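These features come from TrEMBL:
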{"type": "DOMAIN", "residues": "28-141", "note": "domain 'Expansin-like EG45'"}
{"type": "SIGNAL", "residues": "1-25", "note": "signal peptide"}
Amino acid sequence: MSRLLQLLYLSLIILISEFFHISHGDVGTAARYSSPYSPTQCFGSDPSQFPSSNLFAAAGDGIWDNGASCGRQYLVRCISASLPGTCVQGQTIQIRIIDYIGTAPSLPSVNGSTIVLSRTAFQTIANSSVVTSINIEFQQV
């Protein structure tokens with residue numbers, strides 16, 4: 001009986017911890033960049049690399065992984081910014097890494113970001129066109 005009680009307590013603790021676990025991903029920063037987006041380090045000038053949603057990004061040094069991040073998909077959400085009310089609450093997007101920001105044909109709004117989002121991706125999770133960088137939670141899918 002003691003073993004069953006221990007198992008019940010353990011199950012209850014795991015269940016409760018899931019309710020209070022807010023983040024399942026990593027935290028970083030995101031900037032934005034604009035066209036031209038091609039050619040890219042990952043896929044050259046192939047137009048099929050761009051999702052029809054235009055939700056894509058260039059990898060910063062922290063996730064580039066010597067090109068292994070090419071094609072990876074990430075769930076990204078804005079968690080804060082320097083200007084209150086910037087984040088679109090409850091909005092999470094799925095982006096595809098198509099480039100390395102160090103060789104991208106256009107410059108990021110801020111250097112040193114974890115991920116540099118396309119203009120469409122950035123505007124989907126952030127309300128302000130004034131803010132050049134946001135804090136994000138991201139998770140590879």
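Yeah, the Cβs are placed from backbone N, Cα and C, and that goes for glycine too.
DSSP places the residues of the domain 'Expansin-like EG45' (28-141) in helix, strand and coil in these numbers: 17 helix, 44 strand, 53 coil. Across the domain 'Expansin-like EG45' (28-141), the model assigns an average pLDDT of 96.
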